[in-house]
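Chemist: Relevant sequence annotations retrieved from TrEMBL are reproduced here:
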TRANSMEM  12-37  transmembrane segment
TRANSMEM  43-62  transmembrane segment
TRANSMEM  74-94  transmembrane segment
TRANSMEM  114-137  transmembrane segment
């Protein structure tokens, strides 16, 4: 569903751009703000639920007793709600110069470097967890005891979880590279107007020389492709409920 909303709002933003409404309403027109918010929201939902899916698939096979006791319908509903709640909060803090400054009417000279560094650390940790879970799951599948003891259906569950999660997370990694690059710009103070001799100089740098701007535009365009595929992955996740 998030990817479908992204596609819809992206199409709406293109219509606004084609009819010149962006120049009239500015960058903070509703379609563009909604599109940017859904982009960051979807990034975090896929990070969270991909980790949850692989973890649950592994526990269900490696520790079936734990799974039956701990991960009942009520606990799963709580985990899903927490995931969406966390992703919503994180979506506003991942790009604070765009969302936080807009909501709280903060100055363009505000320093968001600490907030963005913390977010970058969280992102790296999440991917480290994902790599660890992938490695653990693959190693589990290679164990003779697993090959002999697990049924074909059980093996397919874990294999399917890895297949469903992999493509969206590759696209997710590409899109996050733009945000990590923007964090470097923020830490260096390049996003604050006082760093530049004039607004024109800053605008010229952003549009022609800033590597992070180009990387962000390129990487974020992968979200529509990767997450449309990943809608099936959310359906797979819901099978645990």
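In case you wondered, yes, glycine gets a Cβ from its N, Cα and C as well.
Give me the local environment of each listed feature.
Modeler: Non-local neighbours of the transmembrane segment (74-94) in the same chain are 37, 40-41, 43-45, 48-49, 52, 100, 103, 115-116, 119, 122, 179, 240-241; each lies 6+ residues outside the stretch with a CB under 8 Å from one of its CB atoms.
Remote same-chain residues near the transmembrane segment (114-137) are listed as 47-48, 50-51, 54-55, 57-58, 90, 93-94, 96, 100, 158, 161-162, 165, 169, 173, 176, 179-180, 182-183, 186-187 (criterion: CB distance under 8 Å, separation of at least six residues from the stretch ends).
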